[in-house]
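I have placed the structure first, in the form of structure tokens, so that the comments after it can refer back to it.
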Amino acid sequence: MHIINTHTIYSLRYRLFVFLLQRRREIENLCGSESPFAQSLIGKWNMADEYKDALLEKHKYHEGCPGCKVEQMKQLRRGYPYLELSFVWIIVLSTSLPISSLYPFLYYMIEDFGVAKTEKDIGFYAGFVGCSFMLGRALTSVFWGIVADRYGRKPIILLGTISIAIFNALFGLSVNFWMAIGTRFLLGSFNCLLGTMKAYASEIFRDEYQATAMSAVSTAWGIGLIIGPALGGFLAQPADKYPNVFSKDSIFGRFRYALPCFTISAFALLVTVLCCFIPETLHNHKLDSSSHDDSYEVLEAASGKSERNASQGSLLKNWPLMSSIIVYCVLCLHDTAYSEIFALWANSPRKYGGLSYSTNDVGTVLAISGFGLFSFQVFVYPFAEKLLGPVLVTRFAGALMIPIQMSYPFIANLSGLGQSLMLNCASILVNVLSVSAITGLLILQNKAVDQSQRGAANGIAMTAMSLFKTVGPAGAGILFSWSERRLNAAFLPGSHMVFFVLNVIVVVGVALTFKPFLTTARR
């Protein structure tokens, strides 16, 4: 205990010296550089420099190791990490944009392919196009996580952004049902960014900004899942909507859904260029656990040595990790099923309980929801997480989603301004609560493992989540088609059944956040 107190005293002294260093010129101008007070401070400034060097030396940074450079930067840097936050935000945004950008026009795309015999069958085929992306990602996520742990985060990030630019553009040029499935499958197979970025974000930020880091990942992810469909809604079928700009004979007249895909691909190319300047966070040497550092962090780590050694074993036996992944998967299943069902429900005719919305109408609703989500996650979520903790935030968010989703079938019975206001409010709240619930679980996952296993752990999370999300769109499409065939049922007719099933998934997810199922790692 004496060592911890000593380190704390030195740490406070060092921070005081840094404060004085920053105001050195002001003090010299005020007191004169030759005054006894200024001379005394000069001696303290020299002590601050010596202490800084000694502190950095204690951490045994390895020359030429990119991970050590990042650790050194984190040790010295003070202030809010705006630059790192911006990089994380735009990279995660680029990977989430193509995932759901097709939902507003998927209904019409399937109709153009001519594979559905009746209007009621469109949802069935739409589900398979939606789930092909997740199937591809489920098959490769662990592999990409292992590669990221071995060769670094940065190469995997660059590969992911380049693949988005290529395969998403090819999807926009699809001429039949099977080409659409194939390009979406390849897009998912090479879309290795989310798991890698979760690991990267937890490594590039100081401990006090970990909640902000995970909030940035989930916010950008959630914003992409909303802005993507908004782009799809506004930019699909441009020759029909904007004939003065796009002619029927142009490439966007012949390929009616290429413009939103090309726009997202162009953004991914820009992000690829920016990614060339981000630092690598993976250490290229074995982490030294025999350091004699007397810092609080090292002493705390030493006290939890047995727990850390246990986590170095099989990740599948790490129950804090696996339990948080399972709850995460259940809530992600709800998230992807909701995204597809909302678009199909809004596009479907009123006679089937839908809203008869155009792609533009759906895009407008989702754009408004995206703005609301961004505002909440940036200004409110970090404080909520600090006050309640990630587990309680997940529970409250899940519980509040249930009554809101129950209201959707009744919103369809409204009209005019009242319907628009209610729909936008409900959409904002569901998206805010869904992303907030998932963010808490991301924090728990990254706290459950050390850096050497973080890529693989996030790869496992991505694989499991992708399997659930593979079931989500296919199941949602089949469920939606079935609901349109039971409009006159006595129990939960039409869309009531669809939103009831979504609520059941949320209830299961919230129930799993309680002990003894969900446990948290002590780190």
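Glycine is treated like the rest: Cβ placed from N, Cα and C.
Per TrEMBL, the features are as follows:
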| type | residues | note |
| --- | --- | --- |
| TRANSMEM | 82-110 | transmembrane segment |
| DOMAIN | 84-521 | domain 'Major facilitator superfamily (MFS) profile' |
| TRANSMEM | 122-144 | transmembrane segment |
| TRANSMEM | 156-179 | transmembrane segment |
| TRANSMEM | 185-201 | transmembrane segment |
| TRANSMEM | 213-237 | transmembrane segment |
| TRANSMEM | 257-278 | transmembrane segment |
| TRANSMEM | 325-345 | transmembrane segment |
| TRANSMEM | 365-384 | transmembrane segment |
| TRANSMEM | 396-415 | transmembrane segment |
| TRANSMEM | 421-444 | transmembrane segment |
| TRANSMEM | 456-482 | transmembrane segment |
| TRANSMEM | 494-514 | transmembrane segment |
Long-range Cβ neighbours of the transmembrane segment (365-384) (under 8 Å; 6 or more residues past either end): 104, 211-212, 215, 218-219, 222-223, 226-227, 229-230, 233, 346, 357, 393, 423-424, 427-428, 431-432, 435-436, 439
Annotated stretches the transmembrane segment (421-444) and the transmembrane segment (213-237) touching (3 or more Cβ pairs under 8 Å): yes
CB contact flag for the transmembrane segment (456-482) and the transmembrane segment (185-201), at least three pairs under 8 A: yes
Cβ pairs under 8 Å between the transmembrane segment (122-144) and the transmembrane segment (185-201), at least three: yes
